[in-house]
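Reviewing the structure listed below.
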Amino acid sequence: MKIGCPAEIKPQEYRVGLTPHAAREVVAHGHQVLVQAGAGLGAGFTDEDYTAAGAQIADSAAQIWAEAELIVKVKEPQAPERAQLSEGQLLFTYLHLAPDPDQTRDLLASGATCIAYETVTDARGGLPLLAPMSEVAGRLAPQMGAWALQKANGGRGVLMGGVPGVGPAQVVVLGGGVVGTHAARIAAGMGADVTVLDRSLPRLRQLDEAFGSLFKTRYSTEGSTTELVSGADMVIGAVLIPGAAAPKLVTRDGLRDMKPGAVLVDVAIDQGGCFETSRATTHDDPVYTVDGIQHYCVANMPGAVPRSSTLALGNATLPFLLALADKGWRTACAEDPHLRGGLNVHAGQLTNGAVAAALSLPAITPEEALA
Ligand SMILES: NC(=O)C1=CN([C@@H]2O[C@H](COP(=O)(O)OP(=O)(O)OC[C@H]3O[C@@H](n4cnc5c(N)ncnc54)[C@H](O)[C@@H]3O)[C@@H](O)[C@H]2O)C=CC1
Ligand SMILES: CC(=O)C(=O)O
Ligand SMILES: [Mg+2]
């Protein structure tokens, strides 16, 4: 199969969908790999690294979109990329369709088959292709939030760890999954007083067993969320209902009860965000203020550390990429229900119920798509 990897074109996105090590394995499986010239540079991989791995270098993204049967990427295809996607082509990347009707319309119109990293599952109920980037974004969140808390950056002027005689920042993490756990660990490591809320008691038990007194846990209700958010210096939004639009846990009215200059870091922004006042921002201009509350809402946070992120993502995607290339998407998805869970679009139809519900569109099941 001919597999293409174009350079990412989202602003300040320096990750790349295929590492040279992954390219080497794909080539060893008998496939042809086409990588856009310069695609890996932002992550520290040269064209020579790819050619040494057996890949060919394409001068333009257009050549890749025109020739490749399978396109592997990182971010959701941008409008100029969607215009080049064609019927029968297979796209393997993050999509985050629930909050994105424009992208959804274009993918449906293309006739392509699109597998979203973020809805591929594993046998333990996890999301193996979201997890590595959630680990990165979770670890980055307190770091970005701490920057936004600084007075010169518009924040409240509170130091995460405090100093002797002065208490630490109060950090509240909404959602104790992968992002939330990594965010809580780092924030606690910076010396902050951290509380994690989740609506899953089994999850809170796991966190308590694993981390002891490093951070506190609370069951998530409207009341507990309101109470903790109003006392927080930093709130990290890390909830997820897979495929679906994020639930809004803090309303615009809720901002009035918060401390002036407090920071909201909405990691869940790629699913629409869990604060009513969130809108996606970019690394170029990451923070804006509503009613005196700082909002950091970058939808591709791992793009800030592209070397670490590309390596972590590549480790997770490779087995699935090999299955898709070796068997074709139909057989690979028929044999593996977890990969099948990633199927979001096929031949003009949505194949993910949560995405369809969020967009009020009809869907078929992945099994119907395979029939
Ligand atoms: N902005 C960015 O660059 C990135 C964003 N993300 C996003 O971060 C979000 C979280 O991802 P993960 O941690 O991997 O998901 P996860 O599935 O590991 O964790 C989500 C947690 O939220 C909890 N939850 C759901 N509804 C809740 C509610 N109403 N109140 C409290 N807890 C609730 C769930 O029980 C679960 O424990 C996703 O939207 C993901 O796409 C992930 C990576 C990068
Ligand atoms: C998960 C995601 O959206 C990202 O890594 O950019
Ligand atoms: Mg994202």
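Every residue, even glycine, has its Cβ placed from backbone N, Cα and C.
Record features, source TrEMBL:
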ACT_SITE  His96  active site, proton donor/acceptor
ACT_SITE  Asp270  active site, proton donor/acceptor
BINDING   Arg15, Lys75  substrate binding site
BINDING   Ser134, Asp198, Arg203, Ser220, 239-240, 267-270, Arg279, 298-301  NAD(+) binding site
DOMAIN    4-137  domain 'Alanine dehydrogenase/pyridine nucleotide transhydrogenase N-terminal'
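Mapped onto this structure are the features recorded in TrEMBL.
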residue: Arg15; record: substrate binding site; contacts (Cβ under 8 Å, 6+ apart): Glu8, Gly42, Ala43, Val74, Lys75, Pro302, Gly303, Pro306, Ser309, Thr310, Leu313
residue: Ser134; record: NAD(+) binding site; contacts (Cβ under 8 Å, 6+ apart): Leu127, Gly177, Val178, Val179, His182, Val267
residue: Arg203; record: NAD(+) binding site; contacts (Cβ under 8 Å, 6+ apart): Gly176, Gly177
residue: Val239; record: NAD(+) binding site; contacts (Cβ under 8 Å, 6+ apart): Leu174, Gly175, Gly177, Ala246, Pro247, Leu249, Ala268, Cys274
residue: Ile269; record: NAD(+) binding site; contacts (Cβ under 8 Å, 6+ apart): Gly237, Ala246, Ser278, Arg279, Ala280, Thr281, Cys297, Val298, Ala299
residue: Asp270; record: active site, proton donor/acceptor; contacts (Cβ under 8 Å, 6+ apart): Tyr94, His96, Pro99, Glu118, Ala280, Ala299, Asn300
residue: Met301; record: NAD(+) binding site; contacts (Cβ under 8 Å, 6+ apart): Val136, Ala137, Leu140, Ala141, Met144, Val267
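Across the binding-site residues listed here (Val267, Ala299), the residue whose Cβ sits among the most other Cβ atoms within 10 Å is Val267. In the structure shown, the C-beta of His96 has more C-beta neighbours within 10 angstroms than that of any other entry among the recorded positions Lys75, His96. Closeness to ligand 3 is met by Asp270, Ala299, these being the recorded positions among Val239, Asp270, Ala299 whose Cβ falls under 6 Å from the molecule.
The predicted model assigns the domain 'Alanine dehydrogenase/pyridine nucleotide transhydrogenase N-terminal' (4-137) a mean pLDDT of 97. When the recorded positions Arg15, Val239, Asp270 are checked against ligand 2, Asp270 have a Cβ within less than 6 Å of one of its atoms. Only Ser134, in sequence order, out of the binding-site residues Arg15, Lys75, Ser134, Arg279 have a CB under 6 Å from ligand 1. Shown for the domain 'Alanine dehydrogenase/pyridine nucleotide transhydrogenase N-terminal' (4-137): DSSP residue counts in helix, strand and coil, namely 49 helix, 21 strand, 64 coil.
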